[in-house]
Structures are given as C-alpha cells and as structure tokens.
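Features reported for this protein in TrEMBL:
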type	residues	note
BINDING	PHE99, GLY100, SER101, ASP167, LYS228, TYR237, GLY246, VAL247	ATP binding site
BINDING	ASP167	Mg(2+) binding site
COMPBIAS	508-517	compositional bias 'Basic and acidic residues'
DOMAIN	19-214	domain 'Poly(A) polymerase nucleotidyltransferase'
DOMAIN	219-363	domain 'Poly(A) polymerase central'
DOMAIN	367-425	domain 'Poly(A) polymerase RNA-binding'
REGION	496-539	region 'Disordered'
Amino acid sequence: MESSATLIAPPQAAAREYGVTRPISTAGPTEADIQMNIELEKFLVEEAGVYESKEEATKGEEVLQRIEQIVKDWVKQLTRSRGYTEQMVEDANALIFTFGSYRLGVHDPGDEIEMLCVGPSYVNQEEDFFFILQNILAEMEEVTELQPLPDAHIPVMKFKFDGVPIDLLYASISLLVVPEDLDISDASLLYDVDKHTIRSLNCCRAADQILKLVPNVEHFCTTLRCLKFWAKRRGVYSNVIGFLGGVDWAILVARVCQLYPNAVPSMLVSRFFRVYTQWRWPNPVMLCAIEEDELGFSVWDPRKNPHDRTHHMPIITPAYPCMNSSYNVSQSTLRVMVEQFQYSNNICEKVELFKAEWCALFEPYLFFESYKNYLQVDIVAADVDDLRAWKGCVESHLSQLTLMIERDTLGMLQCHPYPREYVDTNKQCAHSAFFMGLQKKQGEKIEGQQFDIRGTVDEFRHSVNMYMFWNPGMEIYVSHVRRRLLPPYVFPDGCRPPRLSRPTAQHQADKLSRDDGEVCASGSSESSLKRKKDAYTNS
C-alpha cells in the first residue's frame, strides 16, 4: 500500500488544478524513472555545463545592483533638470525587474540577463531612455558593445556590463513616483500605456505567472534547462529568425508539467517530445484560460482577430493581455521543429528501453549535411561596431525572408534558417554570415522544377537597406550555394569534412534533403551576381 501511494498523487493534491485540462497522468516515478533522472541530471551538470558557477552567479547579482543604481540616478537627474521640486527629486525612483531565463531560475553561463527598467510617467522611452540613458551608458568604462534597438517588436538596449551580456527594456507607467514595493503583476499598471510598454511589462508578468502555474518549480526548472540545451544543440532556439525563444520553451515545458504533475524531469523530457510530436497545430498551447478585462486590450483570439488566424504555432502568454509569443514561426520553421520533436521522441523511447544514453538526445544537428541547396546571406560593414548594429537589423529580417520565399513559391520551396552566425576571418572588412537550407515541399510531383527567387531576394535586400542607421560600408549579399560549394569556415576548424560513402546513423536521422529541384536565388544587383559567379568559378 505504501509503494502505490508514492506512485499516485493523494486526492487532495490531485484536486489542485493546473492548466486548462485535467492531467494526462498523475503517476509518480518508478525506480527506473528515478535512476534515469539521476543520469540525466548528472549529464546536465558534468557534460552540458548548463549551470552557472557560484562566482558567475555572484557577478550577475552585482551587475544587477549596479544597473539599478544607474537608472535610479538617471531618473533623479532627469527630475531635477526638468525643474521639479526637491521633494520630487528625492522621491524620484526607477526599479529593475528581471525576466526570461534569469527570472525563471534557468540562467545558463554566458546568457544575457534580461531586465526591465520601470520608470515614472514623465520619463519617456524615445528621448530619455534611447538618448540620455544611452549616452550615460556609452560613457561608462564597464559598458561595451552598446546596441540600441528602438524599432524592435519590443524595444531593447543591448550591451555588456563588465563582460556580462544585458538586454534592458524600459516601461514608463502612469505614476509620478515608482514605489519600491511596486507589484509588477498588478493589472492596473497597464492603464493608459502604449503597446510597447504593455509588451515590456508582460515580459516580467508572464515569467511570474509561469512560476505560479506549474505544480513543481524545481522539476520545471530542471526540465527547462534540459530543453533549452536541446533546442540550441538542434538549431531551433531563436525567436528572431522564426523558431522559439526563451518564453516559448518555458510555456511548452510548463504545459507538460501541468499534464504530468508528479513526474520527475527525466519523465517530463520524454513526455515533452511525446506530447508535441502528437500536437495538432495550430491548436494553441495555453497554461490558463484567456481572460478578458475591463481595460479593453486586445487578447489573442482567432475568432475575433483575423491576423491571429495566420499563426502556425500559437503559444499563449499567461498574463493579461494574453498574446501569442511565437508569432514569428512560419510553415517552414514549424516543419523543422516537428521533425526535431519526432527525431527526439524516438531517442527518448530508446532511452526508456535502455537502448540509448541521454547524450544521444543532445547530438548536434548536422545542418550542413542535411540539404543540397543553401541560401547564404553575407553581412559586411566597415568596422565591428557598425557590423553589430547592421547584423542585428539583417537578422531581425530573416524570418521575413522565409515568409517571402514561401509566399512567392506558393509554399513549394521550404526554408530552414539556421540560428547561428559564421565569420570569414580572411575578409578585410567586418563580416558575418547566416545560412538557410532550401528544399522543395515533400510529396509534391515537381521533378526538375526551377525556383527563381531573385525577385524575392531583391525585395528582401531592399527592405533591409531601409535601415535608418545605415552607414557607408554596410552591405548585404545573398547567393545560392550548393552543398559541395559551401565555404570552409562553416565547418569545425575551417575544414570541410570528407564525404562519407555510407552516412552515419545521425546523418540518416537528420537528413531532410530530397530532389530539391534547381534554385536561382542571387539578387539582381551587379555585386550580387558577381559574387555568385566567383563562388562557382573559384571553388
């Protein structure tokens, strides 16, 4: 009787409801599950390296405190310069809240710390944050690689502070004085603010809600660390170019925790792939019911909002106003993720049968062995500072390039943008490159078809070149490259691996290319055409 009680949650625990449906199973771990969990956690600590050292954690806390003092001083300085009373200057305040991986307790070594600065109503984003505070930071010795992105979906200031990467957002709330005990979860803070402020505030509000909506925070955190590491190894961790970002993975993991409330992390990882291999997209993933509110903000609702019907993989944030955080996912990137879920589900089944080790789940994805055709996007600038800003602009447009190719080929040409940049160190100028795998839609009878996307590429280049901070030397080149002509710098140690006469099991599992058809993709500009010619004659 005692052993069975350990496997099934007691009635009072089961009565606690998490999520929008009842759990799939309330069973706890078997002895085999506990052993597999020990092995998984050992792998995460000893081989994956996903935990910060004590020194790294301490430094992060110190940087947080330092930045909070900087923004407090900044607000007091602005208050005094605008002629407010000495009492107002004394009361003037700003607060720093963390969100994302840092707030959720799954911060990896080297990850950026995501912060939100909340300031009073008279301190605005456009001039005060992205001009005055930016200049203050630019003059500080501790601050390097400062990159303001005021036109992003959620405006952000990126920089490193004493070597620690920081993403800093700003929200101006409808209060003259920001109290030290401000409750960020209070919906009244959303009153009389613009859409950018709502998005910024909801980064923190969503993180707090996620932690409240999982049955076991410790198991959630371990599982999320594992899935973040997996997503990066398999090339599907990037909200910017059309895959999923931190909040998306957190919500997906939290939903599985709700469906298996008494499972340990090893079980949750396995169930994660089982659940999302079978998920019928575009049915949304939600941690709680979507609530309407008297403030009247639009929430995600495909019945009322036509644009919401176009979302391919809706993952809904749990804080009001509920939004789809995976709006960048396209048909092509959804296809890639589903294939990766299926691939990893097969491995987890073998692990549970003791026919595979956990390390097999985290094998790197062989992107440059998986397609016959690639789109190469080269980004160059006069110096590294210009390249950092220019690259950020181009990268933020790559998800649009995927959508444009799908549109112009009627979905017949599928894209796989890869969320990693590559650098040709032999170039004289500052350089970065991104790659996109191309293949025709599987199951279509279009043998020998040529896909001419030169017009699409020109449209993409034109949209990128509208960048308002463009400087001389900022250029972009887009060209079609066959697998055998890929540049050496994309391979480990800059050496092209020999072609194997018999593909490895990993290669066979990952292989996505079929008869891809012909692709004509270089832009019509003289420099782009010359680049394509050189690529074929010099290789």
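From the backbone N, Cα and C atoms, a Cβ is placed for every residue, glycine too.
Each of the binding-site residues PHE99, TYR237 was scored by the other Cβ atoms within 10 Å of its Cβ; the lowest score goes to TYR237. Within the same chain, residues at least 6 positions away in sequence whose Cβ sits under 8 Å from that of GLY246 (ATP binding site) are GLY100, SER101, LEU104, GLU114, LYS228, ASN239. Taking Cβ-Cβ distances under 8 Å and a sequence separation of 6 or more, the neighbours of ASP167 (ATP binding site) in its chain are GLY100, GLU112, ILE113, GLU114, MET115, VAL156, MET157, LYS158. Within the same chain, residues at least six positions away from VAL247 (ATP binding site) with a Cβ under 8 Å of its Cβ are GLY100, CYS203, ALA206, ALA207, ILE210, THR317, SER325.
The residues of the domain 'Poly(A) polymerase central' (219-363), classed with DSSP into helix (H, G, I), strand (E, B) and coil, number 75 helix, 6 strand, 64 coil. Note on the domain 'Poly(A) polymerase RNA-binding' (367-425): DSSP counts are 28 helix, 15 strand, 16 coil.
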